[in-house]
Amino acid sequence: MDYQQLANQIKQWAIELGFEKVGICDVDLSEHEPALQAWLDAGYHGEMDWMARHGMMRARPAELLPGTLRVISARINYLPPQAQFASNLSDPNQAYISRYALGRDYHKLVRNQLKKLGEKIEQEVGKLGYRPFVDSAPILERPLAQKAGLGWTGKHSLILDKENGSWFFLGELLVDIPLPVDEPSENQCGKCTACITSCPTNAIVAEGVVDARRCVSYLTIEYSGVIPLEFRRAMGNRIYGCDDCQLVCPWNRFAPLTQQSDFHRRQSLNNADLVVLFEWDEATFLKNMEGSAIRRIGHQQWRRNLIIAMGNAPYSPRIIDTLQRHLGQSELLDEHIHWALEEQTQKTATPRQHARLIRIIEKGLPRDA
């Protein structure tokens, strides 16, 4: 069999299935094992125990599917039209949701596309051992993507491509056929440190190393406990994930919009008013978030994140009333509500003093000099 011709055909099939780019690499990730172990030993994975539980299996694809010879790494863009980054982040009364989560959950969509790709290959070669992976499986997808030529690992630890930035999902198809491999990508970050200096919680502790325990994405999505005080103000209005390190990256000026309508903003998130989203009861949350990656954090965590955002919002009697009405429903939520109410109350002093000063000036001075 002409494996080079097959590799070319696989890449064409992938494009037809909706992927933007596909690359092929071998399964040797041994050079990444020391860094992975050091990251785990430092506790940077936080409470994501499954990462430590799988250990070095993440760097050994052949242990996930015995007989694996190659990894087909695929990329699909998710940047939605009218992303409204600046207008959303600059309005503290509106919730900011990481742009990857505005539409449908990508896991099923990308996995299904990879499965179809595997089926096409099997039809061509006969019996084929293959298995698709998307994000949640214990596999080092970013080193694989770099090795397959899809981009390099940026200082924020995400994969970057000079023509497409970083607004894309990755998926892998493990196969047991000896396809020719692609050239790995070379790092193009240079001396730029925009992502490191712009992280609101200083979570990027070294080039390419993120302490998840400090990362807003981890805190709002993976962590279900009490948010440490030191991070609450820095979270701002970010209630699900954070895009700051991508927003400041110069390479993302070239990022194209997604061709997948499933990744467009869902209608239920058109009104991102903090109070409106917080007032959703659990049934409404589950209904509005059906098919969304957001759904898996659950209603309580959704509200916890919104409480912090309301604490960070400008002084608002509406917010104070909303928070007070929901006291006593949960110890976890109460912990954050008390903090948010204190934050809101502190904000009333300065505006009131300012208003008093203005009244005195208006009444006491013959003119506004």
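Glycine residues also receive a Cβ, built from the backbone N, Cα and C atoms like all the rest.
Keep in mind the model is a prediction, meaning the values are calculated, not measured.
Per Swiss-Prot, the [4Fe-4S] cluster 2 site holds Cys199, Cys242, Cys245; the candidate it also names there, chosen from Cys25, Cys215, is Cys215. With DSSP classes pooled into helix, strand and coil, the tally for the domain '4Fe-4S ferredoxin-type' (177-209) is 5 helix, 4 strand, 24 coil. Each of Gly154, Lys155, His156, Leu160, Thr193, Ala194, Ile196, Cys245, Val248, Pro250, Trp251 belongs to the same chain as Cys189, Cys192, Cys195, Cys249, is absent from that list, and has a C-beta within 8 angstroms of the C-beta centroid marking the [4Fe-4S] cluster 1 site. Shown are the binding-site residues Cys192, Cys242, Cys245; of these, the residue with the fewest other Cβ atoms within 10 Å is Cys192. A C-beta separation below 8 Å, combined with a sequence spacing of at least six in one chain, links Cys249 ([4Fe-4S] cluster 1 binding site) to Gly154, His156, Leu160, Gly165, Ser166, Ala194, Cys195. Taking the mean position of the Cβ atoms of Cys199, Cys215, Cys242, Cys245 as the [4Fe-4S] cluster 2 site, the remaining same-chain residues with a Cβ inside 8 Å of that point are His156, Cys195, Pro200, Thr201, Ala203, Ile204, Val210, Val216, Ser217, Asp244.
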